[in-house]
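A.B. asks: Encoded as structure tokens, here's the structure I'll be asking about.
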Amino acid sequence: MLRTLIRVRLASIKTAFLRQGSGLGRRGGRGTRILIGIAFAYLGLCLLALIGMLCYAMAAPLAGAGLGWLYHAVAGLIAVSLCFMGSVFLAQSQIFDARDNELLLSMPVPPRLIVASRLLSFLLLNYLYTAIVMAPAAAVYAVQLSPGPMFYVSYVLGFLLLPMLSTAITCIIGWLITLLISRLRHKNLVTGLAMIVFFFVFMALYMNLQSYAMALIQNGQEIAAVIQRVLPPFYSFGMAAEGSVLHLVLTAVWCLVPLTLVYLLLARSFQKLATTNRGAAKVKYVAREMHVASPRAALLRKELGRIFGFPLYLFNCGIGGPLAVILGVVVLVQGPGILNTLSAAYGLTDMGFLVPFVLIVLCFCAICTCTSAPSISLEGPYLWIVRANPVRESDLFFAKVMANVLIGGVPLAVASVLFVIALPMSAANAALVIILPLLAQTFMAFLGLCLNLLMPRLDWVSQAAVVKQSGSVMAAVFGGMGMIAFPALLYGFWLSSVMSFEIFGLLVCIVLAFGCLLMHRYLGRGGLRRFRAL
């Protein structure tokens, strides 16, 4: 029974990551799985390389300063943190809000087995995350310092024990997230925003790991004192790796006891947690005058509601806007200091090269916001409702394009203004920084809708499969990258000696506007025919 439950839960976790739909044939499904496997392998290799370089920079200096245990403690802390970041939202959806909770409870399956299967499934997932950190950390330390046998014993046991601590913490935080979100009125929007914030926090940590390593080396004694006082599980693991049997036992206690307590608590109260209706924020109805909206306005409001009501949709297809605003705020705060940073990192000493760099960044944010690419596919089984309503297809197309333009264009406009304020540039360059990203966003909105009409996927089982795996989304992303790369390479290798960047930027604006007009014309003719044939 337990083995079957674990197998089902692992399949559910796999679905949460990959979201396989039923619209793929056997060959297409195998090809998609291969591509996704390659992508995950590449990501894993990148993380292994990054952790390896980080450990290589820390191992010898910390060991030479008599703080070898701090190296192991930091490795354990990174492993547990990676486990937490990789599974906290998954725990919320797979344990406390799982769709099969009531189904399993209606069967002769003891709640303790349900809880055990879910904890063990997450433990297996956390072992994968832990291996990404512990393997390079152990290899680097072993090669550089040739430790004794106790080091290897401690790392093997640490690999087995630390994910248990992470699983316990993840379950507690996941329960708190579930309790908080269930009482919010706009819980889907809050979940989507939380995922975006979590992503940016992870990227900030990822991009600053090297500076953290340098700070750790320079302030080793102070950081060691803090870890010893505030984070005793990791201090015990570090001391165990240095040969302390007592601290190895303490590490086991720190990891086994929390997981055991969490299991006992969940097993005792799982039925209540899974079936309790916690309620939500209520809105008291107030009678007020009703307003009539045009079909376009009503469809636009419906489209925006779908985007903001589906956290994964907002996260995968709308992350460019927040990214642009964050970059704009960073540039505004740093002010002229950003010029020195760019000069040192990329050699951009001339504003003539800085403005193209800014435009490339903003246009990249534009291609990261393409909500129109899966918008037709998401109609799926509800397509007949759209056709039954007395609205024109052109109004539906308008709503999907305009929703994309609003979600991406408004943050881009704010970010562009921040860049113009923060960086010294001519009036012509300022106009380009404001206008070109907005045109690029409009181009992406039209491109995504056209591609979705050409490559619809209406037989999905999970909406997430459409957002994450459909061909129109992939084609829109790669098409947007080509929209950035081709003009950049064309100007950098050929036209920079022929014309000024202002003239070239004007030509790019004209081409993008012309492309938008062509796609608008297609939507009014060929696009209508394809939509009616769906």
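Every residue, even glycine, has its Cβ placed from backbone N, Cα and C.
As annotated in TrEMBL:
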| type | residues | note |
| --- | --- | --- |
| TRANSMEM | 34-63 | transmembrane segment |
| TRANSMEM | 69-91 | transmembrane segment |
| TRANSMEM | 122-143 | transmembrane segment |
| TRANSMEM | 155-177 | transmembrane segment |
| TRANSMEM | 189-209 | transmembrane segment |
| TRANSMEM | 245-266 | transmembrane segment |
| TRANSMEM | 310-333 | transmembrane segment |
| TRANSMEM | 353-376 | transmembrane segment |
| TRANSMEM | 397-424 | transmembrane segment |
| TRANSMEM | 430-454 | transmembrane segment |
| TRANSMEM | 475-497 | transmembrane segment |
| TRANSMEM | 503-523 | transmembrane segment |
A.B. asks: Could you give the residue numbers and ranges of same-chain residues that sit at least 6 residues beyond the transmembrane segment (245-266) on either side and whose C-beta is under 8 angstroms from one of its C-beta atoms?
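C.D. replies: 95, 115-116, 119, 150, 153-154, 157-158, 161-162, 164-165, 167-169, 171-172, 232-233, 235-239, 273.
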A.B. asks: Tally Cβ pairs under 8 Å between the transmembrane segment (34-63) and each listed stretch (69-91, 122-143, 155-177, 310-333, 397-424), then give the stretch with the top tally.
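C.D. replies: Selected stretch: 122-143, with the most Cβ pairs under 8 Å.
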A.B. asks: Does the chain bring the transmembrane segment (353-376) near the transmembrane segment (430-454), so that three or more CB pairs sit under 8 Å (pairs 6 or more apart in sequence)?
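C.D. replies: Output yes: the transmembrane segment (353-376) sits against the transmembrane segment (430-454).
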A.B. asks: Spell out yes or no: are there three or more C-beta pairs under 8 angstroms between the transmembrane segment (310-333) and the transmembrane segment (155-177), with each pair 6 or more apart in sequence?
C.D. replies: no
A.B. asks: Mind checking which residues of the chain, 6+ beyond the ends of the transmembrane segment (397-424), have their Cβ under 8 Å from one of its Cβ atoms?
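C.D. replies: Same-chain contacts beyond the ends: 296, 299-300, 302-304, 307, 318, 320-322, 324-325, 327-329, 331-332, 334-335, 338-339, 351, 354, 358, 362, 365-366, 369-372, 375-376, 430, 433-434, 437-438, 441-442, 444-446, 448-449, 523, 527, 531.
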A.B. asks: Short question: which residues 6 or more past the ends of the transmembrane segment (430-454) have a Cβ under 8 Å from it?
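C.D. replies: Residues 324, 355, 358-359, 362-363, 365-367, 369-377, 397, 400-402, 404-405, 408-409, 412-413, 415-417, 419-420, 470-473, 475-476, 479-480, 483, 502, 505-506, 508-509, 512-513, 515-516, 519-520, 522-523, 527, 530-531.
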